[in-house]
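Participant: Annotation source Swiss-Prot lists heme binding site at Y36, C56, C59, H60. Residues or ranges marked as signal peptide in Swiss-Prot (evidence: sequence analysis): 1-35. Summarising the annotation, Swiss-Prot assigns transmembrane segment to 286-306.
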Amino acid sequence: MNFFTHKKNNFGSFVTIFSFLVALGVTNLTPAAEAYPIFAQQNYENPREANGRIVCANCHLAQKPVELEVPQAVLPDTVFEAVVKIPYDQQVQQVLGNGKKGDLNVGMVLILPDGFELAPADRVPEEMKKKVGKLFYQPYSPDKKNILVVGPVPGKKYSEMVIPILSPDPATNKNVSFLKYPIYFGGNRGRGQVYPDGSKSNNTVYNSSVTGKISNIAPFDKKGGVEITIETANGDSIVEKIPAGPQVIVTQGQTVQPDQPLTNNPNVGGFGQKDVEIVLQNPARIQGLLVFFATVLFAQVLLVLKKKQFEKVQLAEMNF
């Protein structure tokens, strides 16, 4: 299994992601707000904000459900699997960067507790490797190995992913204790509605910026983009450019108000996040618990035997 390392150089990061997508057969790399964790990597030192929201939600505005499954407790220095699920209707198609329709991609970020990290290939059992498949997980940054990202990858194939994780050992890592820890997961399907610079993609609704009457609706490029000219009360002409993708729902001669939709909302995807907890279990506690249970069981057996012995003595005295 080959795991990527994050490059500080933006071009190097894009080449890395592009190479891995080609290996997966993802050839439709339009410069659109896909499920790109690299956008978060380039713009945010930490993908989880102080209010608990994962930054992917800044570009993927619709909320959709996600699922995260991990063991309730794990032992130190143990490989376990986290299963993430990004469900969606796989019959629907999204608007691509060129305005045409295509299948949805998915992406995810998994924020593990400090000390937890992606399991080395030589520690992953063969059965788990088969579940992981050809997915390549990479750390969010060189100093954040506990944060893993992947995507964009084909949603039809990877709406469910298995991540092999290595738990830390407090005996060798003094920054880790036997405690209960939170795990944060964010997953999205489909393209985003906003780019990191705040500009809109063609996968969102476009609204009027003024009050006025629509005087003209005309195409402005070969891809299918449309210009909507709005005449205001003071005689100004405001041109709203709609890229190929969203469908215009207004007509010439119609009066519109500020923030009134000029198009439908073509977005069929969305982002969701899930928080769970996992316990790093102390083996000595388990051993102590087993000894306690064994002691209780032994005491119960002795009580039963003592009771039977007492009953026999009573019966003998009565017969005498």
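Note: Cβ is positioned from N, Cα and C throughout, glycine not excepted.
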Participant: Using CB atoms and a 10 A radius, I'd like the single residue among the binding-site residues C56, C59 with the highest neighbour count.
Facilitator: C56
Participant: Just to be sure I understand the packing, how many Cβ atoms besides its own are within 10 Å of the Cβ of H60 (heme binding site)?
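Facilitator: Excluding its own Cβ, the number within 10 Å is 27.
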